[in-house]
Amino acid sequence: MDFTPPPIEDGFTAEKLFSQGFSYTYDDVIFLPHYIDFAADAVDLSTRLTRRLPLAVPLVASPMDTVSESAMASAMASLGGIAIVHSNVPAAAQASLVRAAKSRRVPILSEPAFAAPSAVIEHEDDFAASPFLLVTDIGAAGGKLLGYVAKRDWTNQKDKSLRVGDYMAPPPRRAPWNADLNKIHEIMENEKSGAVALERDGEVVDLVVREEVERVKGYPKLAAPATVGPDGEFMVGAAMGTREDDKERLKHLVKAGVNVVVLDSSQGNSIYQLEMVKYVKSVYPELDVIGGNVVTMYQAENLIQAGVDGLRVGMGSGSICTTQEVCAVGRGQATAVYKVSSIAYKSGVPVIADGGISNSGHIVKALSLGASTAMMGSFLAGSHEAPGAYVYQNGQRVKKYRGMGSLEAMTKGSDARYLGDTAKLKIAQGVVGAVKDKGSVLNFIPYTLQAVRQGFQDIGASSLQSAHDLLRSRVLRLEVRTGAAQVEGGVHGLVSYEKKYY
(Lines of atoms letter the chains of each structure in order from A; the text may use other names.)
(Lines give C-alpha, C1' and ligand atoms only; values in the text may rest on other atoms or scores of the structure.)
Protein backbone atom coordinates (compact mmCIF):
# COMPACT_ATOMS: atom_id res chain seq x y z
CA MET A 1 0.00 0.00 0.00
CA ASP A 2 1.30 3.44 -0.99
CA PHE A 3 1.26 5.92 1.90
CA THR A 4 2.69 8.78 -0.14
CA PRO A 5 0.44 11.87 -0.08
CA PRO A 6 -1.28 12.48 -3.45
CA PRO A 7 0.67 14.75 -5.85
CA ILE A 8 -2.39 16.92 -6.39
CA GLU A 9 -3.49 18.75 -3.24
CA ASP A 10 -7.19 18.03 -2.75
CA GLY A 11 -9.27 18.04 0.42
CA PHE A 12 -7.89 18.40 3.93
CA THR A 13 -5.79 16.16 6.13
CA ALA A 14 -7.49 15.15 9.37
CA GLU A 15 -4.85 17.06 11.30
CA LYS A 16 -5.76 20.31 9.53
CA LEU A 17 -9.52 19.73 9.49
CA PHE A 18 -9.78 19.02 13.21
CA SER A 19 -7.55 21.92 14.31
CA GLN A 20 -9.90 24.71 13.25
CA GLY A 21 -11.87 25.03 16.47
CA PHE A 22 -15.06 23.32 15.25
CA SER A 23 -16.71 20.32 16.90
CA TYR A 24 -17.70 17.92 14.12
CA THR A 25 -20.13 15.02 14.14
CA TYR A 26 -19.91 12.06 11.76
CA ASP A 27 -22.44 13.65 9.42
CA ASP A 28 -20.39 16.86 9.23
CA VAL A 29 -17.43 15.22 7.53
CA ILE A 30 -16.94 13.09 4.43
CA PHE A 31 -13.91 11.13 3.20
CA LEU A 32 -12.60 11.60 -0.31
CA PRO A 33 -12.13 8.39 -2.34
CA HIS A 34 -8.64 7.00 -2.92
CA TYR A 35 -7.07 4.32 -5.16
CA ILE A 36 -8.50 0.77 -5.21
CA ASP A 37 -6.34 -2.28 -5.97
CA PHE A 38 -8.21 -4.97 -4.01
CA ALA A 39 -11.69 -6.47 -3.72
CA ALA A 40 -14.10 -5.44 -0.96
CA ASP A 41 -14.24 -9.03 0.28
CA ALA A 42 -10.48 -8.86 0.87
CA VAL A 43 -10.79 -6.08 3.46
CA ASP A 44 -9.54 -7.29 6.85
CA LEU A 45 -11.63 -5.89 9.71
CA SER A 46 -9.77 -7.66 12.51
CA THR A 47 -8.79 -5.37 15.35
CA ARG A 48 -8.13 -5.09 19.09
CA LEU A 49 -10.64 -4.20 21.76
CA THR A 50 -7.86 -3.60 24.28
CA ARG A 51 -4.10 -3.98 24.35
CA ARG A 52 -4.43 -7.76 24.67
CA LEU A 53 -7.89 -8.75 23.41
CA PRO A 54 -8.28 -9.30 19.64
CA LEU A 55 -11.59 -9.18 17.79
CA ALA A 56 -12.39 -10.49 14.32
CA VAL A 57 -14.80 -7.60 13.68
CA PRO A 58 -14.73 -4.08 15.19
CA LEU A 59 -18.20 -4.03 16.76
CA VAL A 60 -19.10 -3.76 20.45
CA ALA A 61 -22.55 -3.79 22.08
CA SER A 62 -22.99 -0.99 24.62
CA PRO A 63 -23.46 -1.72 28.35
CA MET A 64 -27.07 -0.54 28.47
CA ASP A 65 -29.93 -2.38 30.15
CA THR A 66 -32.01 -2.28 26.96
CA VAL A 67 -29.15 -3.56 24.80
CA SER A 68 -26.67 -5.97 26.39
CA GLU A 69 -27.54 -9.02 28.43
CA SER A 70 -26.79 -12.72 27.86
CA ALA A 71 -28.49 -13.15 24.49
CA MET A 72 -26.72 -10.12 22.99
CA ALA A 73 -23.40 -11.23 24.47
CA SER A 74 -23.53 -14.71 22.94
CA ALA A 75 -24.76 -13.36 19.59
CA MET A 76 -22.08 -10.66 19.31
CA ALA A 77 -19.34 -13.12 20.28
CA SER A 78 -20.55 -15.60 17.67
CA LEU A 79 -20.25 -12.83 15.04
CA GLY A 80 -16.66 -12.02 16.02
CA GLY A 81 -17.48 -8.95 18.12
CA ILE A 82 -18.24 -8.59 21.81
CA ALA A 83 -20.90 -7.23 24.15
CA ILE A 84 -20.42 -5.45 27.46
CA VAL A 85 -23.08 -6.64 29.92
CA HIS A 86 -24.67 -3.72 31.77
CA SER A 87 -24.36 -3.22 35.53
CA ASN A 88 -27.87 -1.96 36.26
CA VAL A 89 -28.61 -5.10 38.28
CA PRO A 90 -27.19 -6.53 41.52
CA ALA A 91 -23.65 -7.93 41.24
CA ALA A 92 -24.75 -11.57 41.50
CA ALA A 93 -27.35 -11.09 38.76
CA GLN A 94 -24.81 -9.45 36.46
CA ALA A 95 -22.40 -12.32 37.05
CA SER A 96 -25.18 -14.77 36.15
CA LEU A 97 -25.72 -12.92 32.86
CA VAL A 98 -22.01 -13.24 32.08
CA ARG A 99 -22.02 -16.94 33.01
CA ALA A 100 -25.08 -17.66 30.87
CA ALA A 101 -23.49 -16.13 27.77
CA LYS A 102 -20.27 -18.08 28.31
CA SER A 103 -22.00 -21.42 28.97
CA ARG A 104 -22.64 -22.24 25.31
CA ARG A 105 -21.08 -21.93 21.85
CA VAL A 106 -24.22 -21.21 19.85
CA PRO A 107 -25.90 -17.79 19.54
CA ILE A 108 -29.15 -19.15 20.93
CA LEU A 109 -30.05 -18.44 24.52
CA SER A 110 -33.52 -19.17 25.83
CA GLU A 111 -32.91 -18.53 29.55
CA PRO A 112 -35.37 -21.31 30.46
CA ALA A 113 -37.71 -21.30 33.41
CA PHE A 114 -37.96 -24.38 35.66
CA ALA A 115 -40.79 -26.29 37.31
CA ALA A 116 -41.32 -29.47 39.31
CA PRO A 117 -43.47 -32.27 37.78
CA SER A 118 -46.14 -31.58 40.39
CA ALA A 119 -46.43 -27.91 39.43
CA VAL A 120 -49.45 -26.45 37.67
CA ILE A 121 -48.84 -23.75 35.06
CA GLU A 122 -51.56 -21.17 35.54
CA HIS A 123 -50.31 -18.34 33.36
CA GLU A 124 -47.93 -17.88 30.43
CA ASP A 125 -45.81 -15.63 32.68
CA ASP A 126 -44.57 -18.86 34.29
CA PHE A 127 -42.49 -19.36 31.14
CA ALA A 128 -40.80 -15.97 31.69
CA ALA A 129 -39.20 -14.95 28.36
CA SER A 130 -38.50 -18.54 27.30
CA PRO A 131 -40.48 -20.54 24.70
CA PHE A 132 -40.42 -23.56 27.00
CA LEU A 133 -40.10 -24.67 30.61
CA LEU A 134 -37.68 -27.31 31.88
CA VAL A 135 -39.05 -29.86 34.33
CA THR A 136 -36.59 -31.08 36.98
CA ASP A 137 -37.04 -33.15 40.11
CA ILE A 138 -36.41 -30.10 42.32
CA GLY A 139 -38.16 -27.55 40.12
CA ALA A 140 -35.00 -25.51 39.67
CA ALA A 141 -31.67 -25.47 37.87
CA GLY A 142 -29.25 -28.16 38.99
CA GLY A 143 -31.84 -30.89 39.33
CA LYS A 144 -32.37 -34.01 37.23
CA LEU A 145 -34.04 -33.19 33.91
CA LEU A 146 -37.33 -35.09 33.60
CA GLY A 147 -38.81 -33.40 30.55
CA TYR A 148 -39.93 -30.08 29.16
CA VAL A 149 -43.08 -28.18 28.21
CA ALA A 150 -43.22 -25.91 25.16
CA LYS A 151 -45.29 -22.76 25.60
CA ARG A 152 -47.30 -23.57 22.48
CA ASP A 153 -48.16 -27.04 23.88
CA TRP A 154 -49.36 -25.47 27.13
CA THR A 155 -51.41 -22.93 25.16
CA ASN A 156 -53.12 -25.78 23.27
CA GLN A 157 -53.69 -27.75 26.48
CA LYS A 158 -57.42 -27.55 27.21
CA ASP A 159 -57.22 -28.55 30.86
CA LYS A 160 -54.85 -26.03 32.44
CA SER A 161 -55.32 -27.62 35.88
CA LEU A 162 -53.24 -30.68 34.96
CA ARG A 163 -49.84 -31.11 36.57
CA VAL A 164 -46.82 -30.48 34.37
CA GLY A 165 -45.75 -34.11 34.74
CA ASP A 166 -48.99 -35.26 33.09
CA TYR A 167 -48.26 -33.74 29.68
CA MET A 168 -44.57 -32.81 29.53
CA ALA A 169 -42.45 -34.06 26.64
CA PRO A 170 -39.77 -36.62 27.56
CA PRO A 171 -36.23 -35.33 28.18
CA PRO A 172 -34.47 -34.74 24.86
CA ARG A 173 -31.09 -36.04 23.73
CA ARG A 174 -28.19 -34.18 25.32
CA ALA A 175 -25.20 -32.49 23.72
CA PRO A 176 -22.09 -30.91 25.26
CA TRP A 177 -22.34 -27.17 26.04
CA ASN A 178 -19.81 -26.29 23.33
CA ALA A 179 -21.56 -28.15 20.48
CA ASP A 180 -21.99 -26.00 17.38
CA LEU A 181 -25.15 -25.57 15.33
CA ASN A 182 -24.18 -28.23 12.81
CA LYS A 183 -23.65 -30.81 15.56
CA ILE A 184 -26.93 -29.91 17.25
CA HIS A 185 -28.78 -30.09 13.93
CA GLU A 186 -27.19 -33.48 13.21
CA ILE A 187 -28.42 -34.84 16.54
CA MET A 188 -31.93 -33.56 15.85
CA GLU A 189 -31.97 -35.22 12.44
CA ASN A 190 -30.60 -38.54 13.69
CA GLU A 191 -32.91 -38.68 16.70
CA LYS A 192 -35.93 -37.21 14.90
CA SER A 193 -36.09 -34.82 17.82
CA GLY A 194 -37.37 -31.26 18.04
CA ALA A 195 -35.02 -30.28 20.85
CA VAL A 196 -31.54 -30.89 22.27
CA ALA A 197 -30.47 -30.18 25.85
CA LEU A 198 -27.07 -28.54 26.32
CA GLU A 199 -25.19 -30.04 29.24
CA ARG A 200 -22.17 -28.84 31.19
CA ASP A 201 -20.61 -30.59 34.18
CA GLY A 202 -23.64 -32.86 34.42
CA GLU A 203 -26.12 -29.97 34.52
CA VAL A 204 -28.49 -28.89 31.75
CA VAL A 205 -27.78 -25.23 31.00
CA ASP A 206 -30.28 -24.70 28.19
CA LEU A 207 -32.57 -26.31 25.66
CA VAL A 208 -32.22 -25.65 21.93
CA VAL A 209 -35.29 -26.25 19.77
CA ARG A 210 -35.37 -27.05 16.06
CA GLU A 211 -37.14 -23.80 15.12
CA GLU A 212 -34.31 -21.73 16.60
CA VAL A 213 -31.60 -23.80 14.92
CA GLU A 214 -33.27 -23.48 11.52
CA ARG A 215 -33.79 -19.75 12.07
CA VAL A 216 -30.12 -19.12 12.83
CA LYS A 217 -28.84 -21.43 10.08
CA GLY A 218 -30.84 -19.36 7.60
CA TYR A 219 -28.90 -16.17 8.39
CA PRO A 220 -25.90 -14.97 6.34
CA LYS A 221 -22.67 -16.75 7.16
CA LEU A 222 -19.65 -14.76 8.29
CA ALA A 223 -16.12 -15.87 7.55
CA ALA A 224 -15.00 -14.16 10.76
CA PRO A 225 -14.18 -16.50 13.65
CA ALA A 226 -16.16 -16.23 16.87
CA THR A 227 -14.70 -14.29 19.78
CA VAL A 228 -13.49 -17.12 21.97
CA GLY A 229 -11.06 -17.07 24.89
CA PRO A 230 -8.30 -19.55 25.74
CA ASP A 231 -10.84 -21.61 27.72
CA GLY A 232 -12.96 -22.18 24.60
CA GLU A 233 -15.79 -20.01 25.91
CA PHE A 234 -17.29 -16.92 24.31
CA MET A 235 -15.53 -13.75 25.42
CA VAL A 236 -17.84 -11.44 27.38
CA GLY A 237 -17.24 -8.02 28.90
CA ALA A 238 -19.03 -6.34 31.79
CA ALA A 239 -19.52 -2.82 33.08
CA MET A 240 -18.83 -1.67 36.62
CA GLY A 241 -18.66 1.61 38.49
CA THR A 242 -16.00 3.33 40.56
CA ARG A 243 -17.53 3.17 44.03
CA GLU A 244 -16.22 1.08 46.88
CA ASP A 245 -18.96 -1.56 46.53
CA ASP A 246 -17.94 -2.07 42.90
CA LYS A 247 -14.88 -3.91 44.19
CA GLU A 248 -17.25 -6.59 45.43
CA ARG A 249 -19.03 -6.55 42.06
CA LEU A 250 -15.66 -7.09 40.41
CA LYS A 251 -15.11 -10.25 42.48
CA HIS A 252 -18.40 -11.69 41.23
CA LEU A 253 -17.53 -10.85 37.62
CA VAL A 254 -14.05 -12.37 37.80
CA LYS A 255 -15.48 -15.54 39.35
CA ALA A 256 -18.00 -15.68 36.47
CA GLY A 257 -15.11 -15.59 33.98
CA VAL A 258 -15.50 -12.07 32.59
CA ASN A 259 -12.83 -11.26 29.97
CA VAL A 260 -12.74 -7.47 30.23
CA VAL A 261 -14.33 -4.81 32.43
CA VAL A 262 -15.48 -1.34 31.43
CA LEU A 263 -15.45 1.41 34.03
CA ASP A 264 -18.80 2.95 33.19
CA SER A 265 -18.83 6.71 33.70
CA SER A 266 -20.09 9.62 31.64
CA GLN A 267 -16.95 11.58 32.56
CA GLY A 268 -14.00 9.28 33.12
CA ASN A 269 -11.31 11.78 34.06
CA SER A 270 -11.94 11.64 37.80
CA ILE A 271 -10.02 10.67 40.89
CA TYR A 272 -12.58 7.90 41.42
CA GLN A 273 -11.86 6.26 38.08
CA LEU A 274 -8.10 6.73 38.25
CA GLU A 275 -8.03 4.98 41.62
CA MET A 276 -10.30 2.17 40.40
CA VAL A 277 -8.09 1.58 37.35
CA LYS A 278 -5.07 1.21 39.61
CA TYR A 279 -7.01 -1.08 41.96
CA VAL A 280 -8.17 -3.42 39.17
CA LYS A 281 -4.69 -3.61 37.65
CA SER A 282 -3.07 -4.34 41.02
CA VAL A 283 -5.54 -7.00 42.18
CA TYR A 284 -6.28 -8.60 38.78
CA PRO A 285 -3.26 -7.82 36.56
CA GLU A 286 -4.40 -10.31 33.88
CA LEU A 287 -7.80 -8.62 33.50
CA ASP A 288 -8.00 -5.86 30.89
CA VAL A 289 -9.79 -2.67 31.95
CA ILE A 290 -11.35 -0.07 29.67
CA GLY A 291 -11.60 3.50 30.95
CA GLY A 292 -13.82 6.40 29.97
CA ASN A 293 -15.77 8.08 28.79
CA VAL A 294 -13.40 10.74 27.48
CA VAL A 295 -13.43 13.23 24.60
CA THR A 296 -10.17 15.17 25.05
CA MET A 297 -6.50 14.30 24.79
CA TYR A 298 -5.95 15.51 28.36
CA GLN A 299 -8.59 13.16 29.74
CA ALA A 300 -7.17 10.30 27.71
CA GLU A 301 -3.59 10.90 28.84
CA ASN A 302 -4.58 10.78 32.52
CA LEU A 303 -6.29 7.40 32.09
CA ILE A 304 -3.44 6.04 29.97
CA GLN A 305 -0.97 6.98 32.69
CA ALA A 306 -3.20 5.21 35.24
CA GLY A 307 -2.90 1.98 33.23
CA VAL A 308 -6.06 1.50 31.15
CA ASP A 309 -5.95 -1.10 28.38
CA GLY A 310 -8.58 0.65 26.24
CA LEU A 311 -10.39 3.98 26.04
CA ARG A 312 -14.09 4.61 25.49
CA VAL A 313 -14.70 7.87 23.63
CA GLY A 314 -17.94 9.86 23.56
CA MET A 315 -19.88 12.30 25.68
CA GLY A 316 -23.44 13.22 24.84
CA SER A 317 -23.40 11.81 21.30
CA GLY A 318 -25.85 8.94 21.80
CA SER A 319 -29.39 9.24 20.43
CA ILE A 320 -30.91 8.97 23.91
CA CYS A 321 -28.26 11.08 25.69
CA THR A 322 -28.90 14.69 26.75
CA THR A 323 -25.60 15.41 28.51
CA GLN A 324 -24.55 18.14 26.07
CA GLU A 325 -27.94 19.82 26.38
CA VAL A 326 -28.23 19.55 30.17
CA CYS A 327 -24.62 20.04 31.24
CA ALA A 328 -23.19 22.03 28.30
CA VAL A 329 -20.24 19.63 28.21
CA GLY A 330 -19.13 17.19 25.53
CA ARG A 331 -17.77 17.18 22.01
CA GLY A 332 -18.81 16.30 18.48
CA GLN A 333 -18.08 12.60 18.07
CA ALA A 334 -15.95 12.81 14.93
CA THR A 335 -13.68 15.38 16.56
CA ALA A 336 -13.55 13.44 19.84
CA VAL A 337 -12.58 10.16 18.17
CA TYR A 338 -9.84 11.76 16.09
CA LYS A 339 -8.36 13.80 18.94
CA VAL A 340 -8.29 10.96 21.49
CA SER A 341 -7.04 8.41 18.94
CA SER A 342 -4.19 10.70 17.92
CA ILE A 343 -2.70 10.44 21.40
CA ALA A 344 -3.87 6.95 22.42
CA TYR A 345 -2.18 5.15 19.51
CA LYS A 346 1.22 6.42 20.67
CA SER A 347 0.78 4.33 23.82
CA GLY A 348 -0.73 1.35 22.01
CA VAL A 349 -4.13 1.88 23.64
CA PRO A 350 -7.10 1.05 21.36
CA VAL A 351 -10.02 3.48 21.20
CA ILE A 352 -13.71 2.54 21.29
CA ALA A 353 -15.92 5.07 19.48
CA ASP A 354 -19.00 5.06 21.71
CA GLY A 355 -22.17 6.74 20.47
CA GLY A 356 -23.50 8.47 17.41
CA ILE A 357 -23.64 5.31 15.25
CA SER A 358 -26.79 5.36 13.12
CA ASN A 359 -25.60 3.61 9.96
CA SER A 360 -22.69 1.73 8.41
CA GLY A 361 -21.18 4.98 7.12
CA HIS A 362 -20.78 6.21 10.69
CA ILE A 363 -18.88 3.02 11.52
CA VAL A 364 -16.56 3.61 8.55
CA LYS A 365 -15.94 7.17 9.72
CA ALA A 366 -15.34 6.20 13.35
CA LEU A 367 -12.81 3.52 12.41
CA SER A 368 -11.08 5.62 9.75
CA LEU A 369 -10.67 8.49 12.21
CA GLY A 370 -8.58 6.29 14.48
CA ALA A 371 -10.96 4.14 16.51
CA SER A 372 -10.30 0.41 16.76
CA THR A 373 -13.92 -0.50 17.46
CA ALA A 374 -17.37 1.08 17.30
CA MET A 375 -19.70 0.72 20.28
CA MET A 376 -23.40 0.68 19.45
CA GLY A 377 -26.56 1.17 21.47
CA SER A 378 -29.53 2.28 19.36
CA PHE A 379 -28.11 0.41 16.36
CA LEU A 380 -28.65 -2.88 18.23
CA ALA A 381 -31.64 -1.92 20.38
CA GLY A 382 -34.93 -3.33 19.16
CA SER A 383 -33.23 -6.47 17.89
CA HIS A 384 -34.30 -10.00 18.74
CA GLU A 385 -31.32 -10.31 21.13
CA ALA A 386 -31.91 -7.03 23.00
CA PRO A 387 -33.58 -7.35 26.44
CA GLY A 388 -37.27 -6.66 26.81
CA ALA A 389 -40.50 -7.67 25.14
CA TYR A 390 -41.89 -6.33 21.88
CA VAL A 391 -44.99 -4.15 22.07
CA TYR A 392 -47.04 -2.41 19.41
CA GLN A 393 -46.95 1.37 19.21
CA ASN A 394 -48.96 3.15 16.51
CA GLY A 395 -49.06 -0.09 14.56
CA GLN A 396 -45.30 -0.65 14.74
CA ARG A 397 -43.59 -3.47 16.62
CA VAL A 398 -41.09 -1.84 18.97
CA LYS A 399 -38.90 -2.41 22.01
CA LYS A 400 -38.05 0.04 24.76
CA TYR A 401 -34.71 1.82 24.50
CA ARG A 402 -33.51 4.14 27.22
CA GLY A 403 -30.42 6.09 28.11
CA MET A 404 -28.58 5.02 31.24
CA GLY A 405 -28.82 8.67 32.27
CA SER A 406 -32.63 8.66 32.11
CA LEU A 407 -34.48 8.95 35.42
CA GLU A 408 -36.06 5.54 34.78
CA ALA A 409 -32.65 3.85 34.45
CA MET A 410 -31.14 5.80 37.34
CA THR A 411 -33.96 4.65 39.60
CA LYS A 412 -32.75 1.09 38.96
CA GLY A 413 -29.16 1.95 39.87
CA SER A 414 -27.34 3.55 36.94
CA ASP A 415 -27.07 6.87 38.80
CA ALA A 416 -23.58 5.70 39.84
CA ARG A 417 -22.55 6.35 36.25
CA TYR A 418 -23.55 10.01 36.50
CA LEU A 419 -23.10 10.82 40.19
CA GLY A 420 -19.79 10.71 42.02
CA ASP A 421 -21.60 10.84 45.35
CA THR A 422 -24.99 10.00 46.81
CA ALA A 423 -26.69 13.18 45.68
CA LYS A 424 -30.41 13.10 46.41
CA LEU A 425 -31.35 15.40 43.54
CA LYS A 426 -31.06 13.35 40.38
CA ILE A 427 -30.82 15.23 37.07
CA ALA A 428 -31.62 13.25 33.94
CA GLN A 429 -28.98 13.10 31.22
CA GLY A 430 -30.96 10.77 29.01
CA VAL A 431 -34.43 9.87 27.79
CA VAL A 432 -36.67 6.82 27.43
CA GLY A 433 -37.94 5.92 23.97
CA ALA A 434 -38.70 3.06 21.64
CA VAL A 435 -37.05 1.64 18.53
CA LYS A 436 -38.65 -0.48 15.85
CA ASP A 437 -38.13 -4.22 15.53
CA LYS A 438 -34.86 -4.80 13.66
CA GLY A 439 -34.91 -8.58 13.60
CA SER A 440 -31.84 -10.51 14.69
CA VAL A 441 -28.33 -9.07 14.90
CA LEU A 442 -27.25 -12.40 13.40
CA ASN A 443 -29.05 -11.29 10.25
CA PHE A 444 -28.31 -7.56 9.87
CA ILE A 445 -24.77 -7.32 11.28
CA PRO A 446 -23.23 -9.37 8.41
CA TYR A 447 -24.75 -6.91 5.92
CA THR A 448 -23.49 -3.99 8.00
CA LEU A 449 -19.97 -5.40 7.96
CA GLN A 450 -20.09 -5.86 4.19
CA ALA A 451 -21.08 -2.20 3.83
CA VAL A 452 -18.13 -1.24 6.06
CA ARG A 453 -15.79 -3.26 3.83
CA GLN A 454 -17.07 -1.43 0.78
CA GLY A 455 -16.48 1.91 2.52
CA PHE A 456 -12.90 0.89 3.32
CA GLN A 457 -12.41 -0.17 -0.28
CA ASP A 458 -13.51 3.27 -1.52
CA ILE A 459 -10.91 5.04 0.64
CA GLY A 460 -8.22 2.58 -0.44
CA ALA A 461 -7.83 0.83 2.92
CA SER A 462 -7.47 -2.96 2.75
CA SER A 463 -7.60 -3.29 6.53
CA LEU A 464 -8.43 -1.30 9.62
CA GLN A 465 -4.73 -0.85 10.32
CA SER A 466 -4.12 0.47 6.80
CA ALA A 467 -6.96 2.98 7.27
CA HIS A 468 -5.16 4.29 10.35
CA ASP A 469 -1.87 4.41 8.45
CA LEU A 470 -3.48 6.32 5.58
CA LEU A 471 -4.92 8.80 8.07
CA ARG A 472 -1.65 9.43 9.90
CA SER A 473 0.47 9.57 6.75
CA ARG A 474 -1.79 12.39 5.47
CA VAL A 475 -2.93 10.37 2.46
CA LEU A 476 -6.55 10.10 3.60
CA ARG A 477 -8.35 13.37 2.93
CA LEU A 478 -11.63 14.80 4.24
CA GLU A 479 -13.94 17.73 3.77
CA VAL A 480 -16.72 19.35 5.77
CA ARG A 481 -20.20 18.94 4.32
CA THR A 482 -22.56 21.89 4.19
CA GLY A 483 -26.19 21.36 5.11
CA ALA A 484 -27.07 21.26 1.42
CA ALA A 485 -24.33 18.70 0.76
CA GLN A 486 -25.74 16.47 3.50
CA VAL A 487 -29.19 16.68 1.93
CA GLU A 488 -27.72 15.93 -1.50
CA GLY A 489 -25.83 12.94 -0.08
CA GLY A 490 -29.05 11.34 1.12
CA VAL A 491 -32.22 10.30 -0.65
CA HIS A 492 -33.92 13.40 -2.05
CA GLY A 493 -36.27 14.64 -4.74
CA LEU A 494 -38.70 11.71 -4.53
CA VAL A 495 -42.40 11.76 -3.75
CA SER A 496 -42.05 8.43 -1.94
CA TYR A 497 -39.50 5.66 -1.60
CA GLU A 498 -38.68 2.51 0.31
CA LYS A 499 -35.24 2.40 1.88
CA LYS A 500 -33.73 -1.09 2.03
CA TYR A 501 -30.07 -1.74 2.83
CA TYR A 502 -30.14 -5.49 2.13
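In case you wondered, yes, glycine gets a Cβ from its N, Cα and C as well.
The shown structure was predicted, so the numbers you read here are calculated from the model rather than taken from an experiment.
Taken verbatim from Swiss-Prot:
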type	residues	note
DOMAIN	168-224	domain 'CBS'
BINDING	Asp264, Ser265, Ser266, Gly314, Met315, Gly316	NAD(+) binding site
BINDING	Gly316, Gly318, Cys321, Glu488, Gly489, Gly490	K(+) binding site
BINDING	Ser319, Asp354, Gly355, Gly356, Gly377, Ser378, Tyr401, Arg402, Gly403, Met404, Gly405, Gln429	IMP binding site
ACT_SITE	Cys321	active site, thioimidate intermediate
ACT_SITE	Arg417	active site, proton acceptor
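Taking the features listed in Swiss-Prot, we show where each one sits on the structure.
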| residue | record | Cβ neighbours (10 Å) |
| --- | --- | --- |
| Asp264 | NAD(+) binding site | 29 |
| Ser265 | NAD(+) binding site | 24 |
| Ser266 | NAD(+) binding site | 21 |
| Met315 | NAD(+) binding site | 26 |
| Cys321 | K(+) binding site | 24 |
| Gly355 | IMP binding site | 29 |
| Gly377 | IMP binding site | 27 |
| Tyr401 | IMP binding site | 23 |
| Glu488 | K(+) binding site | 11 |
| Gly489 | K(+) binding site | 12 |
Could you tally the C-beta atoms, other than its own, that fall within 10 angstroms of the C-beta of Gly316 (NAD(+) binding site)?
26
Cα of Glu488 (K(+) binding site) to Cα of Gly355 (IMP binding site): how many Å, rounded?
24
If we check Cα distances from Gly316 (NAD(+) binding site), which of the binding-site residues Gly355, Gly377, Tyr401, Gly489, Gly490 wins as closest?
Gly355
Residues of the domain 'CBS' (168-224) by DSSP state, where helix covers H, G and I:
19 helix, 18 strand, 20 coil
Candidates Gly314, Gly490: member of the binding-site residues with the richest Cβ shell (10 Å):
Gly314
State the Cα to Cα distance, in Å, between Gly377 (IMP binding site) and Gly489 (K(+) binding site), rounded to an integer.
25
So the record assigns Asp264, Ser265, Ser266, Gly314, Met315, Gly316 to NAD(+). If I measure every Cα pair among those residues, what is the longest distance in angstrom, as a whole number?
14
Listing them in sequence order, which of the binding-site residues Met315, Gly355, Tyr401 have their Cα within 10 Å of that of Cys321 (K(+) binding site)?
Met315, Gly355
How far is it from Gly490 (K(+) binding site) to Gly314 (NAD(+) binding site), counting Cα to Cα, in Å?
25
Within 10 angstroms of Gly355 (IMP binding site), Cα basis - binding-site residues out of Gly314, Met315, Gly489:
Gly314, Met315
Reduce the DSSP letter at Glu488 (K(+) binding site) to three states and note it down.
helix
